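TrEMBL annotations:
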type     : residues : note
COMPBIAS : 626-639  : compositional bias 'Basic and acidic residues'
COMPBIAS : 651-664  : compositional bias 'Polar residues'
DOMAIN   : 134-303  : domain 'Lipase maturation factor 1/2 N-terminal'
DOMAIN   : 491-545  : domain 'Lipase maturation factor 1/2 C-terminal'
REGION   : 616-664  : region 'Disordered'
TRANSMEM : 12-30    : transmembrane segment
TRANSMEM : 238-258  : transmembrane segment
TRANSMEM : 270-297  : transmembrane segment
TRANSMEM : 318-338  : transmembrane segment
TRANSMEM : 375-396  : transmembrane segment
TRANSMEM : 408-434  : transmembrane segment
Amino acid sequence: MAGSRVPRQLFLQGVAAVFMFAFASLYMQIPGLYGAEGILPARRTLRPQGKGRWQQLWETPTLLWEAPRLGLDTAQGLELLNLLGTLLALGALLLRQLRHLLTYLLLWAAYLSAYQASGGASCPPAPVGQVFLYFQWDSLLLETGFLAMLVAPLRQCPHHKQAPQGGLAGALPHEGLPFWLVRWLLFRLMFASGVVKLTSRCPAWWGLTALTYHYETQCLPTPASWFAHHLPVWLHKLSVVATFLIEIAVPPLFFAPVRRLRLAAFYSQVLLQVLIIITGNYNFFNLLTLVLTTSLLDDEHLAAKSGNSRCRKTPTSWPRALLAMLSLLLELTIYGLLAYGTVHYFGLEVDWEQHTVRSRTTFTFHQFSQWLKMVTLPTMWLGVASLTWELLTALWRWTQVRGWLRKLCAAVQLSIFGTATVALFTISLVPYSYVEPSTHGRLWTGAHRLFGTVEHLQLANSYGLFRRMTGLGGRPEVVLEGSYDGHHWTGKEPVIRLLQNDMTKYPFHKQPPTYLRAQRYKYWFSQPGEQGQWWRRQWVEEFFPAVSLGDPTLDMLLRQFGLQDKSPPRPHGSSSPLAQALHWVRKQLSHLEAPIVLWGLLVTLGAIRVIQALLGPRSPRSSPPAREEKHRPASKKDLGAAGKQAAPAPDNNSSGSQTPRRKK
């Protein structure tokens, strides 16, 4: 049985990296989004409701309630949280000692605080439009961050005390349980993302033509999107088939008993996420999904075993040989079923004359709905069976712990983390069941009550990526136009810097416009023959008529959407030392674009990692005489002496799992 010590460390480092980029990116946008002159000032979101302190904190869990005690307003408190979150995440990336339960608890609490301040799940509801952190990747980061808190060790074991083979000998009994929840989260994310594409009845997904529109209509295309868009249509359709295969058929293999099947599922998920990253910008969504895939790995695959153990060959007994043969037969059977199902349900045919592969959906919406109704509940039971196995494995590991004190401590930890794992799994069944309404209705009522109690903490969420393909008739874009004919108003610098950091390139950098209007265009990628152009566009209509400050139409719309801010910013926090320090940091970074800051963090991290590798301790290597002696047959006298030295002294509080009695 392979261990998961190295994958857990990779997971914790990956979560820290995503938190670092998330906090740093949000920090650079705070003045334009939540500042006193921002689009939606944060002071309008968090307003005391006359409730008790702890009740208010539970209903709207954010540390920003304490900002006035520090002499800060809400936006300044948000800046402080993001700065501290960036530094703490950077520390967890660089220092193994900081990958601790408390560190990830603070990171999760800080991001949850920012999420609540943005109006993501505030109570009472925030004004319409206060949704800057109301995306699926924000919910996924909060759920993953909470799991990282459980995966992170309570204390870091010294390197020399870790198991020499990277897995079970040095592991605590409960360590694999929270990490299993990461695998379950990855399953829910991918399976639901594939299913919703078909339950939405989107004609582009059902016709396998979604990718012929996707690259030019997605939120933030990359330069590679232009080239991907001009690939042959048959290849686009085949790519949609591969997407359905990876997102719907492959995820159940996350729980396969054969590790090679899990590794095949891992590489398929990595391939999909890397291709999405190359052809589109979705913030840290795909990077975070890659972090989740570490739950499919093990120490053996990551070469966590020592070189000696890899080279050593032991004779295989007939039961092991039989088990290996049965595993191989199971693998081939599953690969064959996946290939047959793909060809059958998507009508794959090779056109040898045109050198293309034809594809089409051969099943109906009703057939898919019946299939989904049939498999949703079994996938839950699949999770139950897999979790039960993990619990039994943890219990078996506990029986191997020696010493009554160690056994007692291990039992307490196993009870706590086992209960937390089962509770979080039960909670997650509620949002997961959203993919099939009848299954959701049949779910245990206790699970619904438990989920409703903690829903505002974002411990479990529903997911579904690219549910419907938009912009089928062209990419809709609203273009704002302004004029100088009138009085001086709007055009605040923090908001402008969200779009253009170089103020001299902004057409109204000297004087804000008096009149504004909005025109709607449709955009398409340019054709390969058009030199020097990425896009071509066509005017559609006037999206919003020309208005000026004080225009009755504008005032009516602002009141209708609750965007009129009559409360002026409170200046009481500006004179505190902490507020002045935050202002100084902001001033130093105000002239840098956000990508430069993020790349600077990445380069700094890489440089420190290189220095750590150069200056850190190196593992001792065996000298040539020692290697020769290692392969020399030992005499009976030597074996007797070695046996006497290897005999451990009796110790009630010591664990014999770390000291092998005999080497074969």
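A Cβ is built for glycine as well, from the same backbone N, Cα and C atoms used for every other residue.
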Helix, strand and coil residues within the domain 'Lipase maturation factor 1/2 C-terminal' (491-545) as assigned by DSSP: 10 helix, 22 strand, 23 coil
Contact call for the transmembrane segment (270-297) and the transmembrane segment (375-396): at least 3 Cβ pairs under 8 Å, seq gap 6+: no
Tertiary contacts of the transmembrane segment (238-258), as residues 6+ beyond its ends and Cβ separation under 8 Å: 183, 186-187, 190-191, 193-195, 197-198, 205, 208-211, 264-265, 268-269, 271-272, 295-296, 327, 330-331, 334, 338, 341-342, 346, 348, 357, 359, 379, 382-383, 385-386
